[in-house]
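According to TrEMBL:
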| type | residues | note |
| --- | --- | --- |
| COMPBIAS | 75-84 | compositional bias 'Basic and acidic residues' |
| COMPBIAS | 96-105 | compositional bias 'Basic and acidic residues' |
| COMPBIAS | 147-166 | compositional bias 'Basic and acidic residues' |
| COMPBIAS | 245-262 | compositional bias 'Low complexity' |
| DOMAIN | 277-408 | domain 'Splicing factor 3B subunit 1' |
| REGION | 46-134 | region 'Disordered' |
| REGION | 147-304 | region 'Disordered' |
| REPEAT | 644-682 | repeat 'HEAT' |
Amino acid sequence: MDSVDAEIARAQEERRKMEEVAPLTSLTFDADLYGGANRFEGYELSIPVTEEDEDQDADGRDLARRMASYTGPKSLKEIPRGAEAEDDSGFKKPQRIIDREDDYRRRRLQRIISPERNDPFATGEATPDPSVRTYVDVMREQALQRQKEEMLKEIAKKKEEEKNKAAAEPAPPAQKRRNRWDQSQEPDAAAKKAKTTSDWDAPDSTPGIGRWDATPTPGRVADATPSVRRNRWDETPTPGRLADADATPAAGAVTPGATPTGMTWDATPKLAGLATPTPKRQRSRWDETPASMGSATPLPGAATPAAAFTPGVTPVGGVDLATPTPGAINLRGAFTPEQYNLLRWERDIEERNRPLTDEELDAMFPQEGYKILDPPSSYVPIRTPARKLLATPTPLGTPLYAIPEENRGQQFDVPKEAPGGLPFMKPEDYQYFGALLNEEEEEQLSPEEQKERKIMKLLLKVKNGTPPQRKTALRQLTDKAREFGAGPLFNKILPLLMQPTLEDQERHLLVKVIDRVLYKLDELVRPFVHKILVVIEPLLIDEDYYARVEGREIISNLSKAAGLATMIAAMRPDIDNIDEYVRNTTARAFSVVASALGIPALLPFLKAVCQSKKSWQARHTGIKIVQQIAILMGCAVLPHLRSLVEIIEHGLSDENQKVRTITALSLAALAEAAAPYGIESFDSVLKPLWKGIRSHRGKVLAAFLKAIGFIIPLMDAVYASYYTKEVMIILIREFQSPDEEMKKIVIKVVKQCVSTEGVEADYIRNDILPEFFRNFWVRRMALDRRNYRQLVETTVEIANKVGVADIVGRVVEDLKDESEPYRRMVMETIEKVVANLGASDIDARLEELLIDGILYAFQEQTSDDANVMLNGFGAVVNALGQRVKPYLPQICGTIKWRLNNKSAKVRQQAADLISRIAIVMKQCHEEQLMGHLGVVLYEYLGSASQTDPYLKEQT
């Protein structure tokens with residue numbers, strides 16, 4: 001300890017001596033360049049909060065004007081800014097990968113890292129362990145999954161058909177529901193209506209009385225007309241009622257329905273003394289009076305009957321209706337198992353929700369940093385049992401379940417410091433590295449657990465550590481890769497790469513770890529090939545170019561380490577996977593394998609897959625592998641071009657539409673990669689392609705047209721002219737297509753066809769140009785950037801064949817269009833056409849229209865992108881040369897007028913335009929006009945310097 005203190009003291013003494021030798025105040029500098037004592041005098045020391053504050057700040061405006069007037073070299077603008085500058089701008093690129101991914105790319109998180117598989121090269125001819133998954137097991141699981149999906153689709157399809165069938169059938173006429181109050185007016189209505197033989201519809205023994213009618217009492221004479229059925233809601237007859245309620249009583253007679261003397265209205269009728277017996281009727285359980293429960297209403301002074309009796313048939317009171325509470329169960333007699341468990345659960349919940357003791361709180365929180373507060377004097381804890389939380393009872397007898405014991409010593413929201421000098425853990429890292437926080441002695445762990453703990457420490461240093469920690473940990477992981485083993489390494493690395501909160505830098509570091517480890521493990525990675533592919537394949541479709549390069553590099557090294565057979569065995573089940581995302585990434589991974597191990601090694605496998613009879617998904621993925629090989633390898637496919645075309649050519653006539661589409665796209669990719677060679681290899685597909693463009697529509701037609709567009713430039717001039725005229729009929733028809741993707745492809749194919757030798761200018765001028773300009777040169781095309789680019793390039797290519805006058809003459813009027821994006825597209829087209837071909841074909845009338853149009857477009861521009869107008873103006877003026885002399889006074893007048901504009905941007909555009917046309921003005925011997933412009937510029941420079949101290953100092 002003393003040696004450390006002495007070393008610190010010695011270092012401090014040396015620093016003090018150095019400061020004494022060269023103090024900061026002794027530094028000398030040029031006061032003229034760096035100012036006086038306060039070099040930051042005049043700078044703004046605070047940032048205005050609101051726009052009003054900014055407007056009131058004159059010094060801030062001066063500083064902004066100085067900065068805006070400064071013009072540095074263009075190379076400085078191309079220097080990428082640092083992270084701090086991006087933070088200040090407010091448009092910083094999101095660091096987390098998932099934040100910038102779309103829904104399709106996020107499907108990578110739904111994939112499961114499969115268990116390790118059997119390595120047949122390691123086991124040889126021995127029978128593999130049943131616990132290890134073999135190729136047969138994987139294929140069986142894939143087949144079962146595919147059958148399940150097909151079955152679910154069939155069920156959904158049948159349900160949809162039944163639903164459509166039910167909707168198509170005419171609905172039966174709705175019957176009018178008979179109201180219970182309605183009476184049948186027809187005597188034989190009951191005979192006409194078919195009645196069901198329900199027990200409730202059985203006829204009563206007493207004619208004319210409904211089932212729900214009151215019990216007939218003696219003294220009531222039956223209805224004279226038995227066919228008229230009395231309604232169920234008729235009043236209940238009372239004893240002594242001798243006539244019907246509707247009859248008019250005679251003089252001195254008793255009113256029907258009157259209450260007899262000496263009887264209350266709710267008393268039980270007395271049957272004694274009545275001569276007429278009660279007619280016999282069917283007994284109803286609702287007619288019973290509960291006799292086993294004693295008096296329902298307790299007498300005065302009597303106790304409320306206990307709840308232990310057996311309830312009668314008719315429930316009385318609320319004791320049998322309310323849901324029993326645990327406190328009321330004791331009043332209901334003997335316990336049932338459910339009631340016993342309910343009480344036990346209540347006691348358990350009360351125990352779990354009891355207040356924590358001081359000892360338990362001391363165990364959960366650190367001793368320092370916390371203070372025990374006394375409760376307020378007015379605090380009264382809740383002791384009412386009715387307000388305590390009751391557990392919801394679950395079904396009785398959950399098998400083999402016991403409530404787990406709670407670890408009350410667990411710490412919440414109190415992060416531990418990582419032991420042993422490990423870097424800080426993010427909250428999302430606890431899932432993977434939480435075991436490192438357990439303060440267990442490593443000697444107590446098994447060798448395998450110690451190895452895993454060591455790997456986790458090194459990975460945490462690589463992921464979150466400082467650069468020196470990262471470098472050391474990466475070297476240790478690389479050197480000890482075979483010692484750690486492939487299983488423990490990949491079981492820790494791959495889940496980290498599937499982490500949803502992973503950032504770009506962290507993914508880059510973990511991929512670097514896999515790359516280094518692969519080099520060391522070599523053939524030991526074979527059981528883990530599919531695991532690695534599940535994690536690395538999504539990199540192949542990432543929007544970041546460098547991520548795609550890293551993914552291809554990992555898969556290439558994995559192919560060389562594991563071998564072709566292992567790669568095919570690992571990826572074969574994914575070729576006909578039901579998920580399109582899996583098939584897409586698998587096809588791209590196979591193309592990387594082909595580039596690493598050679599196309600000839602993969603050709604037999606591709607031929608078998610593309611001719612699969614079991615599923616169209618396998619054929620689709622096999623053909624897509626060929627497409628990705630062509631895109632990835634480019635002209636390297638030339639030696640194998642004929643073989644690749646023969647493998648996929650049958651897909652043009654496949655029964656599945658998606659297979660036909662991907663086949664045409666693959667042929668287009670092969671033709672693009674082989675250009676300008678290889679037309680002989682496509683002889684076998686020309687006839688199916690030409691037949692297909694006449695029989696297909698939509699996306700399939702677009703794919704076929706794209707393939708033809710790339711094949712025609714490979715042909716000789718005679719054949720190219722013939723096939724162009726044949727396909728142009730279809731193209732002109734599709735000019736009117738509303739589909740944006742179809743428009744892009746049609747414009748691209750037109751460009752490819754007209755650029756081919758053998759296509760005459762007259763044919764283009766007469767047959768293509770009218771429809772082309774009528775359908776494509778519209779304002780809407782200027783709004784989509786991709787359409788904008790493609791249309792300009794195609795028009796320039798057409799101009800190369802038919803000349804400047806035909807193209808410029810058709811678009812020159814559009815320079816005065818009210819849509820600025822459209823004017824910009826027209827100006828860019830004219831600039832490129834004139835720059836390529838010159839202005840010799842432009843006659844005097846077109847020359848006037850052109851100068852007038854570019855002047856209007858230049859003056860009406862309002863967007864920030866002024867380079868298009870400046871470049872177009874400069875290109876046209878330089879191409880016309882001395883022919884522009886009559887228009888120079890008008891152009892210079894416009895420039896002088898715009899130099900006087902209050903907008904700095906407009907003045908800058910006018911000054912830039914002078915620099916573009918100065919050479920032509922000298923060619924036209926307009927030195928006097930140039931001198932006048934120079935004087936104007938100098939005067940404006942002087943007036944600007946009077947208002948701007950910085951400019952005044954420079955001048």
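A Cβ is built for glycine as well, from the same backbone N, Cα and C atoms used for every other residue.
What TrEMBL says about a protein is an automatic prediction, not a curated fact.
When Cβ-Cβ distances below 8 Å are used as the criterion, the repeat 'HEAT' (644-682) is approached by residues 599, 603, 606-607, 610-611, 616, 619-620, 622-624, 626-627, 629-631, 633-635, 637-638, 688-689, 692, 696, 699-700, 703-704, 706-707, 709-711, 713-716 of the same chain, each at least six residues removed from its ends.
Across the compositional bias 'Basic and acidic residues' (96-105), the DSSP tally of helix, strand and coil residues reads 5 helix, 1 strand, 4 coil. Sorting each residue of the compositional bias 'Basic and acidic residues' (147-166) by its DSSP state yields 20 helix, 0 strand, 0 coil.
Taking DSSP states H, G and I as helix and E and B as strand, the repeat 'HEAT' (644-682) has 32 helix, 0 strand, 7 coil.
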